[in-house]
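Listed features, source Swiss-Prot:
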- ASP1065, CYS1097, SER1098, ALA1099, GLY1100, ALA1101, GLY1102, ARG1103, GLN1141: substrate binding site (BINDING)
- CYS217-CYS271: disulfide bond (DISULFID)
- 34-195: domain 'MAM' (DOMAIN)
- 197-288: domain 'Ig-like C2-type' (DOMAIN)
- 295-388: domain 'Fibronectin type-III 1' (DOMAIN)
- 393-487: domain 'Fibronectin type-III 2' (DOMAIN)
- 488-594: domain 'Fibronectin type-III 3' (DOMAIN)
- 670-767: domain 'Fibronectin type-III 4' (DOMAIN)
- 902-1156: domain 'Tyrosine-protein phosphatase 1' (DOMAIN)
- 1188-1450: domain 'Tyrosine-protein phosphatase 2' (DOMAIN)
- ASN82: N-linked glycosylation site (CARBOHYD)
- ASN102: N-linked glycosylation site (CARBOHYD)
- ASN141: N-linked glycosylation site (CARBOHYD)
- ASN212: N-linked glycosylation site (CARBOHYD)
- ASN425: N-linked glycosylation site (CARBOHYD)
- ASN514: N-linked glycosylation site (CARBOHYD)
- ASN551: N-linked glycosylation site (CARBOHYD)
- ASN605: N-linked glycosylation site (CARBOHYD)
- ASN658: N-linked glycosylation site (CARBOHYD)
- ASN688: N-linked glycosylation site (CARBOHYD)
- 792-1454: topological domain 'Cytoplasmic' (TOPO_DOM)
Amino acid sequence: MGSLGGLALCLLRLLLLGLQRPPLPGAGAQSAAGGCSFDEHYSNCGYSVALGTNGFTWEQINTWEKPMLDPAVPTGSFMMVNSSGRASGQKAHLLLPTLKENDTHCIDFHYYFSSRDRSSPGALNVYVKVNGGPQGNPVWNVSGVVTEGWVKAELAISTFWPHFYQVIFESVSLKGHPGYIAVDEVRVLAHPCRKAPHFLRLQNVEVNVGQNATFQCIAGGKWSQHDKLWLQQWNGRDTALMVTRVVNHRRFSATVSVADTSQRSISKYRCVIRSDGGSGVSNYAELIVKEPPTPIAPPELLAVGATYLWIKPNANSIIGDGPIILKEVEYRTTTGTWAETHIVDSPNYKLWHLDPDVEYEIRVLLTRPGEGGTGPPGPPLTTRTKCADPVHGPQNVEIVDIRARQLTLQWEPFGYAVTRCHSYNLTVQYQYVFNQQQYEAEEVIQTSSHYTLRGLRPFMTIRLRLLLSNPEGRMESEELVVQTEEDVPGAVPLESIQGGPFEEKIYIQWKPPNETNGVITLYEINYKAVGSLDPSADLSSQRGKVFKLRNETHHLFVGLYPGTTYSFTIKASTAKGFGPPVTTRIATKISAPSMPEYDADTPLNETDTTITVMLKPAQSRGAPVSVYQLVVKEERLQKSRRAADIIECFSVPVSYRNASNLDSLHYFAAELKPSNLPVTQPFTVGDNKTYNGYWNPPLSPLKSYSIYFQALSKANGETKINCVRLATKGAPMGSAQVTPGTPLCLLTTASTQNSNTVEPEKQVDNTVKMAGVIAGLLMFIIILLGVMLTIKRRKLAKKQKETQSGAQREMGPVASTDKPTAKLGTNRNDEGFSSSSQDVNGFTDGSRGELSQPTLTIQTHPYRTCDPVEMSYPRDQFQPAIRVADLLQHITQMKRGQGYGFKEEYEALPEGQTASWDTAKEDENRNKNRYGNIISYDHSRVRLLVLDGDPHSDYINANYIDGYHRPRHYIATQGPMQETVKDFWRMIWQENSASIVMVTNLVEVGRVKCVRYWPDDTEVYGDIKVTLIETEPLAEYVIRTFTVQKKGYHEIRELRLFHFTSWPDHGVPCYATGLLGFVRQVKFLNPPEAGPIVVHCSAGAGRTGCFIAIDTMLDMAENEGVVDIFNCVRELRAQRVNLVQTEEQYVFVHDAILEACLCGNTAIPVCEFRSLYYNISRLDPQTNSSQIKDEFQTLNIVTPRVRPEDCSIGLLPRNHDKNRSMDVLPLDRCLPFLISVDGESSNYINAALMDSHKQPAAFVVTQHPLPNTVADFWRLVFDYNCSSVVMLNEMDTAQLCMQYWPEKTSGCYGPIQVEFVSADIDEDIIHRIFRICNMARPQDGYRIVQHLQYIGWPAYRDTPPSKRSLLKVVRRLEKWQEQYDGREGRTVVHCLNGGGRSGTFCAICSVCEMIQQQNIIDVFHIVKTLRNNKSNMVETLEQYKFVYEVALEYLSSF
């Protein structure tokens, strides 16, 4: 037993030793304050316990002193709770003393869970309470386990002084699970925990209400996926940490957000981590939640404008937390949903860019630091902006319906964005001129986008604009100039109809209707005979109809019946039809009876005292024969005789007895009534009988007689006589000059005068008679020889005249005015009427601007002859004016210079200084003159307003020049120098000039001719601000439009600079065509109310004078039908020195005026083209001509004749094989010389540079390449930067027209490589694209060229059958230029010979450009310009007509 008892005791001890906790490392070391090993009473360590429910509490156990019998209790000294018999959830607390630590430390402890049934006795929680605050939730816990011994745990608490904390152990019982929970060996170590992570300091977080607060927990230690992290609130609420990020192997971080913070969210938070080795706890950080501020009062309104509001924010009194770091103004329309905010950085704030007449709601926003720091908007200020001026006037105003008496306008609808006010008015203002009086009217428009003006006059040019106005201002639309449609015209004024009757003609003239209601196109005159004085007259055929063109308000009716009253009904027509007719009656004069023919035989019978003749009845003409008379005339040989063609009939009846008393050579032998001579019957002269009071005495056998028979008609106070010599008796001398039976001249007026009494002749003897006979024969021979010589000379002169005038044509006035004109020729009618060659019932052939038949007009004197005469004008005397009709002949004769020509006439002009120029010579003004000898005369100089402090600032080298009936119409000045640019603009403003004409380039032949005095954008010259608005480049001139404003003035003026760029450096232009178009453009665009036109070249003399002289003479030719160039230049030079400076310029002025008169103004506005096209293309059935045909004939006349010296290069032998025809050679001055080198090949190609309407040298016109010129062709394309090639002919090997481009590959043509890129076919067009480069100069790169082959033009036709397809070529060309070469590349155009087809295409392109740029169509001018450089451009009338037709088609496509 003893041995067994001892053995049992030993086993018990061993068991107790197993339950005892193992010794801790360093367990014997001294623990810091707060630690406790429980070897002594726990109170000695500062620990305390709190009594739990029903006495459930911690107990200190020391099994060494008091062994425990329950084997589940460990051995040693420790704190323990017994959960046996306890209800679930009972808690017992062990409180450690309060700790204040300054550095990193660690609390570790051991815990023990045991039970008899191996079930968990409950839970152990550890709390860390900071600064005496709430206990919160546990930071560490263990439950549901039974330990196999003591287990160590660590607490890494990061709460430091001055804060303090307390650790609380809490045990929680679990019902039905008896057992023990023990804690022992609590230590506070002065080093980091080995396993539990330590937190770095957690920072306070400040947020604004509603924002998410984010805490970042940073811990030192290793992170494990099994670790648990959370954010613990002061009151115990836990929030899981959302994001964990490993910083490095010894540090990691985690973040957690507190969402949607509010004032209730204000608290303290700390980070807690639970790992396998224990827990880490951070310090508490505060979550501070601020209330964003908001103002108490609304903003204060200080000022109101149309687009702004001045406010005072009133942000001093707020609700919420400061500080305020930002003030903002929030505004919105009261009806809108959008809002904008502006930052306010001053006590007052101006809201900009507001909409006018809009109600706004304005609030103030205040912002404090932090996200979400902007408070709610403060109370609103509600106010409305003022109205503003409209943004612009009505736009895209157009006329959508034009009628004779009304117009319908349409414009782009606009709303508030344009009116800038909700209350506005829209008004249409219009004005027109009627009967030389200007009318203005306006109407208020109620509709939104269209309106019809009613009650207008037909064909009235109306200037109208729309006016948009509101309470603050008004804006106008662009002015529209529109013409109402034509209507039928009113009646021709009856009182204006005047008639000039003749025997078989009636000249009638009238005035246009007072209300033309359009362009009078035709007058219709219906005429018919309504009665005759001659009962036998057959009037059935005396009727007809005549049409007259608008500029012919007169007509000569021929082929009428004498003595007949005609009814004339005249009515005028416009394109709309004929107006009401008006009728008048005019009677022709009676005509002398028509005498029958008599044979030159001897009389029926003759005795010594009688002679028997045969009398035949006369045929009445307009009035019955009143009486027949037999007249016997004695032929006295000693008296001189008049020529037969001026012998008159015998109007004064003289009886035989009175003849003796009056010494009359004739007497009336008989007077017979018509009833006495119903048929032919014989009559014996000298039968000694009396007939109706006249004695027929016997004839004297010693005298010679002529027997005359005359018939007389009387009616309405007119007496007309016709007579015939029937026979002679006694063979009177000189009778051979007149054959018996020949009718004599007619007496055109009634005569009742008495002859003066003459003393009777005495008889002479036969010797004297014989002498008279001999003298008469001699005289007859002399006269006959003189007549023959005269006739021969006239025939020679006529032949020479016809040769000389072969190229002449009739010249009418420059514009369509009814001025008297006449054909050039030697035949002139000495009567008061010049008769037209037209048919009675036909149209007079005419064209716009000129008459191809002379206009009929009443004259009291004959036209002066135009036969060539020797002109000899003395020097220094005025020369006579030249009629427009005579100008061609005059210039031709003056150029011949036979005795007196242009050289002598020019030298007769005053040269050099002719007046004082003292002001210009002053020292202060010398540097203002470009040339010392071209300066301003004192009497005509422009005086500028004197600037303050500079008495010489009134001088500028400029003179006033008078125009045609317009004083000071021009200012001639020098090209501005750098020193005078400001003075130049002062002059422009002072004189209110709207046009500057510049006839020089800035630099010519390397010398500065004029400085650039205009800006590219905006420039200020002194106190004048000049702004460039638009630049319109054309082939021969450029039009720049500026606005000009002077400082201190509100007025803004528009100014145009017309810059003629084509005047050559030397001499004068080859042709005046371009300059004439330039002059017309200046005249058209210069406002009538503007000040003088400022004209300058370099010196302001030569070219300046040419422009002014041409413009002035064109006005004179238009208004007077004459030109007076000599005296015009003479007057110009009296106002400025040496205007028109050289003889060459003087001749050029003549040539320009001649071309203007020959060609006229053929431009047609686009708006009138459709209506006028019918008239100008209509074929007159009488003349088989049209105005287009007349234009083309004129074009052929004025086309320059090519001389061999003009195309000398093409005529060189080495170039012969490069020309298809030696008849079609390019002019030397138009040649594009090849630049690329190709071996020994010359630089010549049969091509010519041609201008388009708006680009100089835009076209290169050439022939289809020959086999030996293909390389030259591609050199041309490359050298002249040609981006397009247009081919207008078919390929034909018979004519050596082969393909000259590669197909689907590349090829080399001389130095040029041509590479095929693509091709497509579009109806009649094959479109190819090539890439070309010069292989000899690869550094120049390659170029893209399009090739347009037009296959819709058959070889046998002058024109293509389709206008639309050719227009498609033009449009493709335009599109390519816009997209690929920026309109800088040229276009090669070729047909077979580079003539008709090429010219037609170039003309069509230019017409399209003209329509786009200037809204006019002038086919004549375009073709004339092309022919100036190549005479075979547009070769046939059909091609010329085709250009017109394509223009019409082009307009129809819009």
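Note that Cβ sites are derived from N, Cα and C of the backbone, with glycine treated the same way.
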Under 8 Å by Cβ from ASN514 (N-linked glycosylation site), same chain, sequence gap 6 or more: GLY490, PRO493
Least buried by Cβ count (within 10 Å) of the glycosylation sites ASN82, ASN141, ASN551: ASN141
ASP1065 (substrate binding site) and ASN141 (N-linked glycosylation site), distance between Cα atoms, whole Å: 109
C-alpha spacing of ASN425 (N-linked glycosylation site) relative to CYS271 (disulfide bond), in angstrom: 74
Listed in sequence order, residues with CB under 8 A of ASP1065 (substrate binding site) and six or more positions away: GLU1004, VAL1005
Annotated substrate contacts ASP1065, CYS1097, SER1098, ALA1099, GLY1100, ALA1101, GLY1102, ARG1103, GLN1141, maximal Cα-Cα distance (Å, integer): 15
Annotated stretches the domain 'Tyrosine-protein phosphatase 1' (902-1156) and the domain 'Tyrosine-protein phosphatase 2' (1188-1450) touching (3 or more Cβ pairs under 8 Å): yes
Number of other Cβ atoms within 10 Å of the Cβ of ASN605 (N-linked glycosylation site) across all protein chains: 11
Nonlocal neighbours by CB distance (under 8 Å) for GLY1100 (substrate binding site), same chain, sequence gap 6 or more: ILE934, ASN957, ALA958, ALA972, THR973, GLN974, GLY975, ARG1136
DSSP three-state assignment (helix, strand or coil) for CYS271 (disulfide bond): strand
CB contacts for CYS217 (disulfide bond) [other CB atoms within 10 A, all chains]: 26
Pairwise CA distance, ASN425 (N-linked glycosylation site) versus GLY1102 (substrate binding site), rounded so that it is a whole Å: 55
ASN658 (N-linked glycosylation site) versus recorded positions ASN212, CYS217, ASN605, SER1098, GLN1141 - nearest by Cα: ASN605
Set of same-chain residues at least 6 away whose C-beta sits under 8 angstroms from ASN212 (N-linked glycosylation site): SER257, VAL258, ALA259, ASP260, THR261
Distance, SER1098 (substrate binding site) to ASN605 (N-linked glycosylation site) (CA atoms, angstrom): 94
GLN1141 (substrate binding site) versus recorded positions ASN82, ASN102, CYS217, ASN551, ASN688 - nearest by Cα: ASN551
